[in-house]
Structures are given as C-alpha cells and as structure tokens.
Amino acid sequence: MKITNLKTNHIENPIGFDLGKPSFSFIVTETTAKKQVAARIEVSKDDEFNSVIFDSGKSKEIDSLAFQPSIDLEPRTRYYWRVTVWADSGEISTSEVAYFETAKIDESWKGSWITPNLDSDIHPVLIKKFNIEKTIKSARFYVCGLGFYEININDKKCGDEYLSPNLNAYDKWLQYQTYDITNELKLGKNEVEILLGAGMYKGRFGLDRKENIYGDKFALLCEMVINFEDGESLIIKSDESWKVRKSKILASGIYDGEVYDDTFIDSTDYGVKKIALGFDRLKARLSLPVKIKEKLKPVEIIKTPKGETVLDLGQNMVGWLEFKVRAEKGTEINLQYGEILQEGNFYRDNLQSAKAEFKYISDGTEKLVRPHFTYYGFRYVKVSGLDEEINKDDFTGCVIYSDMETTGHIETSNELINRFFLNVLWGQKGNFLDVPTDCPQRDERLGWTGDAQVFSGTASFNMDTFAFFNKYVYDIAREQENRNGLVPNIVPVAGTNVSCSSGWSDVATIIPWTIYVQYGDKKILEQQFESMKAWVDYIKREDDNSFSTRLWTTGFQLGDWLALDGENPESFAGGTEESFIASAYYYYSANIVAKAAKVLKKEDIFKEYKALADEIKGAIREEYFTSTGRLALKNQTAYILAIYMDLVPEGKKDRVVKDLRERFKLDKNYLKTGFIGTPYICRALSKSGCNDLAYKILLNKDYPSWLYAVTMGATTVWERWNSVLPDGKISGTHMNSLNHYAYGSVVEWMYRYMAGINPIEDKPGFRYVKLEPKPHCSFKYVNMSYKSPVGIYETKWEIDNEGKLKFYFNIPFNAEAKVVLPDARFDKVMVNGQKLINGAQEGDNVVVELNSGTYEFCYEPTISYIKYYNIDFSLEELIKNEETKKILEETLPVMLPHGMIEKIGDKSIRELSNMPFFPVSSELLEKLDEKLEKIKVVFE
Ligand code: BGC
C-alpha cells in the first residue's frame with residue numbers, strides 16, 4: 001500500500017500561495033484493500049517531525065479528498081505533513097513527507113514600489129548588487145513586477161515559470177510570488193537583475209486593444225530575506241538604491257510579440273524612484289505557475305511557393321520557439337507565427353491586428369534565444385533573416401501552460417475520434433494560461449466566461465483544474481464588486497466595460513459547483529458562495545424590475561453564440577430565443593445556489609433559492625410548453641436545454657423527445673448549435689434514450705460536425721464549424737481562431753456517457769460513482785482512464801465479433817461504484833469468469849454495486865450491438881476484385897478453407913448473391929470503403 005499525490009489546496013508542495021485554511025488531499029494506491037478504516041495526519045515545522053504542531057491521531061473522520069487541520073499559519077514558514085492510513089486489510093502505510101510554505105501573510109512590506117527614471121515605453125532592467133559574507137541557511141525572494149517580470153540571479157534565470165505574475169484583475173488585487181533562492185545565492189558578490197515587460201498590465205490588451213489598461217508605468221516591489229546559519233538575517237528590498245539600465249528588449253506585448261536587440265549595451269544608470277501603488281492590493285499568489293510543460297521539434301521545413309521559409313511544428317501549440325543562433329553581429333532574424341498555410345504560403349490574417357512576431361538582432365555569439373514577455377498560438381513559423389540553410393534541430397517549440405496534472409485519457413477504435421480527443425486536450429493546453437482564454441493567437445486572448453463555463457467539465461476530467469479554477473473564480477468574485485453582483489462576460493475585465501449575459505455570467509455558479517462535484521472539497525463553495533448568490537440576485541433584480549415574471553427577458557444577451565440556425569445574418573446569436581436561454585440559465589443558476597447552500601448547511605438560503613428555482617421552472621413551463629407538452633420553440637438548442645436542465649413538464653418527456661428526434665430528422669441529423677447548445681447536445685440525447693443519435697452526430701464527418709475539422713487536418717478545435725472550408729481556404733479573417741476550445745466540451749459526454757464515468761453530487765469527488773457506459777456499434781472498443789481525486793478509474797468496453805459486450809472496470813481504493821450494464825439479462829452476465837451473483841435486473845439493464853477492485857463483465861446483449869449496413873454492391877463483384885475479396889476473407893467469420901466465402905451469418909453465398917443488397921458490419925464497410933469509392937450506404 002502506498003500513499004501518493006499529497007496536495008495542499010490541490011497543489012503539490014506549494015510555496016508562497018495564499019492558502020486560507022489549508023486543505024490536504026491524498027491518494028492510496030498499490031493495495032488490494034478496499035477501504036480506509038482510519039487515518040492520521042501530522043503537521044510539523046521540521047521534516048523529521050520533532051516539532052509537531054498538529055496531530056489528528058488515528059481518526060475515522062479523515063477524508064482523503066479534503067482535510068482541514070486546525071492550525072494557525074505563521075508568515076514565511078514551511079510546514080511539513082504526512083499521512084498514515086489504516087486499511088480494512090490490516091495494512092498500514094505512512095506517506096512520504098509533503099510540505100507547504102506560507103508567504104508574508106499579513107506582514108507589512110519593507111520594500112517600496114519603484115519605477116525606473118525612463119520614458120514609460122522603454123523596457124528596463126532593474127539591478128541590485130550585494131555581498132554575502134556568511135553561510136546561508138535559507139533565502140526567499142518575494143516579488144511583484146508589473147506588467148511581467150523575469151528574474152536573473154547571478155546571470156541565471158530564477159525559477160522555472162514564465163510571464164509572472166500573469167493575469168488577474170490588477171485593479172482589484174496584485175499577486176506576488178515567492179522563490180526559494182537558497183541555492184541561487186553565493187558567498188561574496190551577488191547580482192540580481194529584474195527584467196520588466198509590458199504584459200497585459202500596460203501593453204496592448206483587451207477588447208479595445210488599448211495600452212495602459214491597468215497602469216502606464218513599469219513597477220517593481222520585492223523583498224529578499226536571507227537567513228544565515230548564525231541566526232541573523234539580511235533583507236534586500238526594492239528601494240531607491242536600485243540601479244536601472246535600458247533593456248535589450250526594445251518592445252514587448254502579448255499580441256505583437258517582442259523585439260530583442262542583443263547588440264544593444266547600456267551601462268548608464270538612470271536610477272529609480274518610488275511610485276505610489278500602495279500595498280492594499282497585494283496578496284500572495286493564487287495563480288499556478290505557467291511553465292514549459294512540453295517541447296516539440298519541427299516536423300518539416302517548408303519552402304513555400306512565395307519562397308518563404310516556414311517551420312511546421314506539426315501541432316497547433318501555444319508558447320514560442322527557442323532557437324540556436326549562429327549569425328553575424330547585427331543580423332536581424334524575424335520569426336512570424338501563424339496557424340495555417342494558405343495555398344501553401346505563410347498566413348496570419350486571422351490573427352487580426354496581432355503582429356505575433358519575434359525580432360532578434362544577433363550580437364554575433366552562438367546562443368539559444370527566446371522571447372521573454374509574449375507568447376504565440378501557432379503551428380507554422382516563418383523564419384527570415386537567416387540566409388544559410390536552417391537546421392530543424394536548432395528550433396524547439398516550447399509549449400507553455402498552467403502547471404496542471406493531466407488526469408484523463410480516452411482512446412477508441414476510431415482514429416478520427418482519437419485525434420479529436422487530442423485536439424481538445426491541445427485546446428486546453430493552449431488556452432489554460434493562468435486565465436481560461438477564448439483563444440491564444442489573435443488580438444483577443446481574453447477570459448471569456450462562457451467559453452470557460454462550457455468547457456470546465458471537460459477540462460476537469462482532462463486535468464486537475466482545482467487550483468486553476470480556484471484562482472479564476474476568485475477573480476470573478478472580485479470583478480462583481482462594485483457591479484452589484486453582475487458578472488462581466490470577460491474576467492478579468494481588462495479595460496472595456498463589458499456587460500453580462502446568460503450562459504457567460506453563469507460561470508459564477510457553474511464552475512464552483514463543477515469543481516466541488518469533481519473534487520469533493522467544499523472549500524471552493526465556501527469561498528465563492530457570496531459570488532454565486534450575488535449573480536442570481538442580480539438576475540432576480542432584473543426580473544423584479546420587469547414585473548417579476550420569473551423569466552429573464554431584459555438586457556443584452558449573447559444567445560446561442562455562433563449557432564447555425566439564426567435568421568439574422570448580421571447576428572452571431574443563433575436562432576434560439578434569447579429569453580428562453582436566459583430563463584433556463586436563471587433557473588439553472590438559482591438551483592445551483594440552492595444546492596450549494598444545502599452543502600454548506602445554510603438551510604434558510606437553501607429554501608429560498610429552491611423556491612425561486614421552482615418558480616422559474618414553473619414560469620418557463622407556462623411560457624414555453626403547451627398543455628400537451630409541445631415546446632413552443634423549434635430549435636435544437638431549445639430542446640437540448642429543456643432536456644438537459646430538466647425543464648420539461650412532468651409526464652411530457654416522451655413527447656418532447658419525439659419532437660427532438662423530428663427536429664434532427666429535419667436537420668438530416670446534423671447539429672446546428674452554437675456555444676450554448678453544443679456542450680449539452682450529446683448529453684441531452686443520451687440522457688433521453690437517443691444514444692444512437694448522439695453517436696451519429698458525434699461521428700458526422702462533414703460540415704457541420706466535430707470531425708469535419710479533424711478530416712481537414714486540424715490539430716486543435718476551431719472557433720467556427722467551418723473555420724476552414726473544404727478547399728482549404730479560411731472562411732474569414734474576423735473571429736476565426738483555429739484554437740478555440742468551446743466546442744471541445746463534447747468530450748465531457750465522452751467521459752460521462754461513452755466511457756460512462758459519472759460523479760454523484762451527493763457523494764462528490766468520485767468517492768462513489770455511477771459507471772454506466774453506453775456502448776454503440778459504431779465503435780469496436782473504448783478505453784478510458786481518469787485519475788480522480790480518489791484514485792484511478794478505468795472503464796473499457798468492447799463489442800467482439802459475435803456481438804458480445806465486454807466491460808472492464810477499475811475502481812480505486814476507498815471508492816464505490818454503481819455499475820449499470822446496458823441491455824443485459826442478469827442470468828447471462830459473467831463477471832471475472834464467473835456467473836454474476838450480486839446485482840439486480842432493472843428494466844433492460846443489470847445493476848451491480850461494487851467496491852474497489854478490477855472487474856471484467858461479459859455477456860450477450862439483449863439487442864444487437866453489431867451494426868449492419870446494406871451496401872449497394874453485389875457480392876459477386878466484390879469477390880471478383882482481388883483486393884476486396886481479400887478483405888472479405890479476412891473479415892467475415894465463415895469462409896471456405898480455400899478462400900471462397902461460403903456463407904455470411906445464416907445466409908448462404910447463393911442466397912446472398914441473388915439479393916440486391918447484402919448486410920455487412922461497420923468494420924467491414926470501413927475497410928471496403930477505403931478500397932471502393934462506389935459503396936453507397938442505403939441503410940438509415
Ligand atoms: C470570443 C468568444 C466569446 C465571444 C462572445 C468572441 O470574440 O472569441 O469565444 O465567447 O466573443 O462575444
């Protein structure tokens with residue numbers, strides 16, 4: 001038995017974070033034991049546990065998902081903790097030691113805010129030299145630099161994070177970071193250089209693409225605390241003694257890139273002065289560090305028809321290229337970043353006004369070069385200024401994103417779906433840079449709340465997002481201040497006074513609830529409760545000011561953004577009535593507030609918001625459903641929201657589902673949905689017995705569909721269903737990102753329905769789950785693994801050649817699952833090679849309660865899971881063709897020894913040859929399809 005994944009506030013060994021009341025979590029693995037009987041958590045000030053400050057003792061109450069020890073934290077202190085677990089098998093194990101370290105907490109700052117005596121558009125380097133004469137025991141650096149900063153200590157970059165302090169509502173709060181620099185300092189002379197960049201604080205940013213949104217001056221505040229072995233300490237702080245020179249970085253900005261002149265040498269000291277930014281806004285960091293998480297090598301150097309030299313990274317990625325320069329002094333090298341080629345040439349018009357380039361002027365020495373204060377969303381990089389042949393190996397794509405652990409993976413028998421899953425994962429990597437952004441490449445890159453909201457479920461299966469979203473929702477709450485609870489459509493607001501909208505602003509309720517259910521730590525609800533409630537109160541005031549109809553009918557709405565069923569070509573809002581969407585979300589958010597109040601034991605508030613939610617639901621039913629259950633709106637998204645959000649009147653579900661199928665029939669089983677309908681489309685279908693339709697829509701390959709982009713070679717998810725047209729031309733330059741994750745939110749359906757793993761709200765954090773995969777004959781197998789907060793779950797299913805269903809489940813230690821086997825007869829189900837004894841027949845399904853362990857189920861389903869197509873091709877013709885004959889021989893089960901097909905299923909070859917059509921499985925069809933373009937599916 002092993003105890004792993006010790007995290008404090010869901011971060012591994014955090015240093016310098018604002019932890020509030022710390023919350024510990026851990027995972028038990030490598031055991032055949034089923035349950036935790038007791039656990040003990042000890043917290044100490046030393047790693048040998050001689051100065052223990054908290055000891056829970058052996059306790060039955062310790063929850064591995066979240067345990068809050070009652071300790072009072074001191075500033076600038078490292079705490080060590082470990083866990084011992086007693087299991088029901090008698091095993092006992094103690095974990096390795098984990099730690100967390102506090103920042104300054106409420107200590108006042110000794111340093112002053114300083115700014116260089118330079119024009120505010122000149123990038124500075126702030127310098128401090130000092131001597132160390134005694135042996136250092138420990139040293140820490142507390143720093144906030146605005147806009148971005150990077151520290152070099154004795155000519156070496158300090159820490160492994162980039163673009164600090166990253167982005168938050170700077171006008172409300174400023175984050176400082178803590179660095180352990182014990183090993184960076186040395187006896188004797190030391191030199192600290194801090195480079196400052198414009199960042200989002202003062203560089204061009206926001207919907208207005210303006211400069212100086214949050215401030216117009218570079219600024220630095222820092223404090224270095226050096227503790228010596230002899231017990232004394234030295235503090236080096238930002239003050240007027242710091243020196244300043246002009247930086248080699250001549251310009252920087254996240255949209256436009258960076259200009260770096262390595263020939264520029266400045267030895268003048270311009271001095272610094274104090275700047276009155278105040279200290280009230282300062283707060284220890286909540287943001288996870290943004291790190292280089294992966295490196296990619298270019299797959300190809302392309303010479304374009306225009307004669308350009310373009311590197312292809314093979315993947316739309318976010319970060320920058322690092323490259324080795326061997327060029328004469330004064331050589332200007334220019335890298336331009338783009339997402340797609342057009343007619344084989346470099347292209348970047350869809351980045352709108354973002355220049356997205358890196359200009360580097362060489363000083364003649366050979367070195368590795370990279371930008372410091374910008375990032376790019378790209379697959380292709382145009383390189384100019386290097387006349388000799390460039391070498392692929394000299395370039396490396398540095399992929400940056402917030403330091404989150406990858407937790408989920410899905411792999412299936414369908415290669416296109418596998419690529420789609422990776423595209424969605426890459427979309428998350430590219431857009432989870434401290435703030436969940438809409439896109440990473442053009443002049444936008446903003447925290448659009450709707451995009452984040454719809455994707456948060458998928459994101460939280462893919463990666464451990466607790467700490468990431470915890471910071472984002474904190475920003476949401478701060479942006480609601482002085483806005484009467486209104487949640488802006490963009491957070492952080494970044495300049496423009498944006499309004500709110502349903503679907504977008506509901507981020508305030510949806511993300512905290514999603515994170516609570518996923519991770520089982522109610523700390524996030526405690527932190528966000530007022531913000532969640534304030535948002536619903538805002539809508540209610542709007543409602544009360546317009547006759548208290550309990551519908552939301554006022555104000556600006558983004559609607560079903562980018563849906564394809566809009567009547568007004570000028571509008572992006574789609575065709576679903578905005579007030580319906582707004583009222584549906586009004587209900588949904590009010591209901592979440594009620595549920596959160598219940599979790600937090602706020603009984604009165606629970607009752608109040610439950611009553612409000614019921615009133616809204618009643619009003620929606622009255623306004624939008626006829627007495628026989630007909631939905632008055634005819635859009636896909638309207639049906640989807642009604643089903644997904646449980647708005648359909650009692651007893652009328654069948655009617656609505658029938659109408660929904662009719663709707664899809666009219667739309668030839670293609671989606672027409674935008675940002676609001678798309679995330680829930682497959683969930684609403686599978687939930688209402690239309691699993692077949694969910695798979696059909698998922699697997700559509702032509703426009704509009706998820707796989708269309710995949711068949712067009714996309715390596716990320718596009719903003720529009722047709723961002724690129726079938727002839728390879730980009731469909732427009734306005735709002736056309738090739739890395740927009742919103743539509744990737746269908747991956748949540750893949751986890752929950754295709755693979756079947758569902759957390760239960762009453763027992764959050766995957767302590768108890770419902771495992772209910774919904775296999776479909778369009779896949780031969782699906783494999784899913786998810787490292788939940790409790791441990792690793794796996795579900796796999798397979799449809800074998802005879803149509804038998806096989807399931808494999810792994811349930812982690814101290815977890816339980818209700819397994820639902822579809823279309824099963826209890827007496828036919830085998831588990832781990834034995835007849836099933838426990839469990840029950842529930843309608844068409846067999847239901848089994850299981851605890852930790854691995855289980856293999858196998859049975860013949862009561863309905864066929866093999867898909868047969870009738871193909872418009874005679875068998876005789878197929879047999880005449882050598883290639884297709886071979887495929888038939890390999891694929892069909894019953895054959896004559898010498899290769900002639902005798903019969904298929906129970907039909908003889910003679911009978912089949914006389915039939916105009918004959919049935920084949922989907923697998924065979926696919927293989928034949930590759931060889932014979934003429935095959936026409938006439939079934940369905
Ligand atoms: C963004 C979207 C966003 C939308 C809403 C766009 O420019 O890229 O993803 O949600 O605006 O207006």
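Using the three backbone atoms N, Cα and C, a Cβ is placed for every residue, glycine included.
Positions annotated as domain 'Bacterial alpha-L-rhamnosidase N-terminal' by TrEMBL: 134-263. When the domain 'Bacterial alpha-L-rhamnosidase N-terminal' (134-263) is classified with DSSP, helix, strand and coil residues number 4 helix, 69 strand, 57 coil.
Residues or ranges marked as domain 'Alpha-L-rhamnosidase concanavalin-like' by TrEMBL: 303-401. In the predicted model, the domain 'Alpha-L-rhamnosidase concanavalin-like' (303-401) shows an average pLDDT of 96.
According to TrEMBL, the feature domain 'Alpha-L-rhamnosidase six-hairpin glycosidase' maps to 406-754.
Each residue of the domain 'Alpha-L-rhamnosidase C-terminal' (756-831) gets a DSSP state, and the totals for helix, strand and coil are 3 helix, 43 strand, 30 coil. If you look up TrEMBL, you'll see 756-831 marked as domain 'Alpha-L-rhamnosidase C-terminal'.
Secondary structure counts, DSSP: the domain 'Alpha-L-rhamnosidase concanavalin-like' (303-401) has 6 helix, 55 strand, 38 coil.
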